[in-house]
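Just below is one structure, and these are the notes that go with it.
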Amino acid sequence: MAAERGAGQQQSQEMMEVDRRVESEESGDEEGKKHGGGGIVANLSEQSLKDGVDRGAEDPEEEHELAVDMETINLDRDAEDVDLTHYRIGKIEGLEVLKKVKSLCLRQNLIKCIENLEELQSLRELDLYDNQIKKIENLEALTELEVLDISFNMLRNIEGIDKLTQLKKLFLVNNKINKIENISNLHQLQMLELGSNRIRAIENIDTLTNLESLFLGKNKITKLQNLDALTNLTVLSVQSNRLAKIEGLQSLVNLRELYLSNNGIEVIEGLENNNKLTMLDIASNRIKKIENISHLTELQEFWMNDNLLESWSDLDELKGARSLETVYLERNPLQKDPQYRRKVMLALPSVRQIDATYVRF
């Protein structure tokens, strides 16, 4: 989630440009969720496959692809990892022969309904990312399921998963969900990704005491609230919402990464108990002053670009963070100073990257 570090590479150059790798909006690490190509156990004729075009990049109006009949797909009955990504499958059927399957990937197909999975009692991971599903249903029998991804579909409600009590990771990114609900039984949940939906309030998550990562970016949330029970939370992302104040984080004593960029925050506050923070992203807000963070001595990354910072003396607030390596301060008024980079280096000698450029000493 942090900008990639390249210290020691190309040392003959005075400095080198690197891409800022922004924390996911809210997909988390999609590559990490993909099932490896080595697990592909199905074969399909070339005529039935679509050549290398990502369906997510297509015109959304084009939904006229002909669905493939699953009877044309040869399945390995003994496979534990089945990857049927981009097979143009229109209906889930014929999978009951997979008596040993633990991971089933049905990404980027034409599936409209979750069905005919009740025989897959051994299933641990189910990936339905990028289909045309409008309702979560028919999953009650999959009581051993640990990972469920129904991102990039057409869901309006969170439902039909209250029996999945072994679930550890739930991805419902980029749907049309407007309320967090019906997940109170998921006590084992460690990661919840609800980014790019229509959620207006943080609610109904107080029973998720094992939650470690919560992604709520790109929603319509106006207040940080109802987080007190999540004492194991280490990553919280509420970027690109409608927040005006940093609050409600006092119980998150184990929080290490906090992403609040692209909101309407005016003051840095409310972080008194978050001493373990290593990453703080408050970019693209309305903040005029760095304050109330001198106690965050474990900070490694501080992103405050695109704000209203004017005073160089504010950087003194970061001097206690001896491990601080990366700062983003570009597009603040103080960047107009011709000695901008030099002054940042002098104020924060531990820093190895200023904005998108590495520093070489």
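Backbone N, Cα and C define each Cβ position, glycine as well.
The feature region 'Disordered' is assigned by Swiss-Prot to 1-64.
The N-acetylalanine annotation in Swiss-Prot covers A2 and rests on similarity to another entry.
Under the heading phosphoserine, Swiss-Prot lists S12 (among others).
The compositional bias 'Basic and acidic residues' feature in Swiss-Prot is assigned to 17-34 (among others).
Marked as phosphoserine by Swiss-Prot on the basis of a large-scale study or a structure entry: S24 (among others).
Positions annotated as phosphoserine by Swiss-Prot, on the basis of a large-scale study or a structure entry: S27 (among others).
Swiss-Prot lists S45 (among others) with the feature phosphoserine.
The phosphoserine annotation in Swiss-Prot covers S48 (among others).
Per Swiss-Prot, compositional bias 'Basic and acidic residues' is recorded for 48-58 (among others).
Taken from Swiss-Prot, the feature repeat 'LRR 1' covers 78-99. For the repeat 'LRR 1' (78-99), the model gives a mean pLDDT of 95.
Among the features that Swiss-Prot reports, repeat 'LRR 2' is placed at 100-121. With helix defined as DSSP H, G or I and strand as E or B, the repeat 'LRR 2' (100-121) counts 0 helix, 3 strand, 19 coil.
With a cut-off of 8 Å between Cβ atoms, the residues of this chain six or more beyond the repeat 'LRR 3' (122-143) that come close are 33, 35, 55-56, 63, 99-116, 149-161, 163-166, 171. Annotated repeat 'LRR 3' per Swiss-Prot: 122-143, in sequence order.
Residues or ranges marked as repeat 'LRR 4' in Swiss-Prot: 144-165. With DSSP states grouped into helix (H, G, I), strand (E, B) and coil, the repeat 'LRR 4' (144-165) comes out at 0 helix, 3 strand, 19 coil.
Taken from Swiss-Prot, the feature repeat 'LRR 5' covers 166-187.
Annotated repeat 'LRR 6' per Swiss-Prot: 188-209, in sequence order. Taking Cβ pairs closer than 8 Å, the repeat 'LRR 6' (188-209) reaches residues 24-28, 151, 165-182, 215-232, 237-238 in its own chain, all 6 or more past its ends.
Residues annotated as repeat 'LRR 7' in Swiss-Prot: 210-231.
Outside the repeat 'LRR 10' (276-297) by six or more residues, the chain places 1-2, 23, 239, 253-269, 303-311, 314-315, 317-323, 328 with a CB less than 8 A from a CB of the stretch. Tertiary proximity for the repeat 'LRR 5' (166-187) is limited to same-chain residues at least six positions away from its ends with a CB under 8 Å from its CB atoms, namely 26-28, 33, 129, 143-160, 193-210, 215. When other Cβ atoms within 10 Å of the Cβ of S323 (phosphoserine) are tallied across all protein chains shown, the result is 11. Sequence-distant contacts of the repeat 'LRR 8' (232-253), counting only residues of its own chain at least 6 positions beyond either end whose CB sits under 8 Å from a CB of the stretch, comprise 23-26, 195, 202, 209-226, 259-276, 281. Long-range contacts of the repeat 'LRR 4' (144-165) within its own chain (CB-CB distance under 8 A, at least 6 residues past either end) are made by residues 27, 33, 56, 114, 121-138, 171-188, 193.
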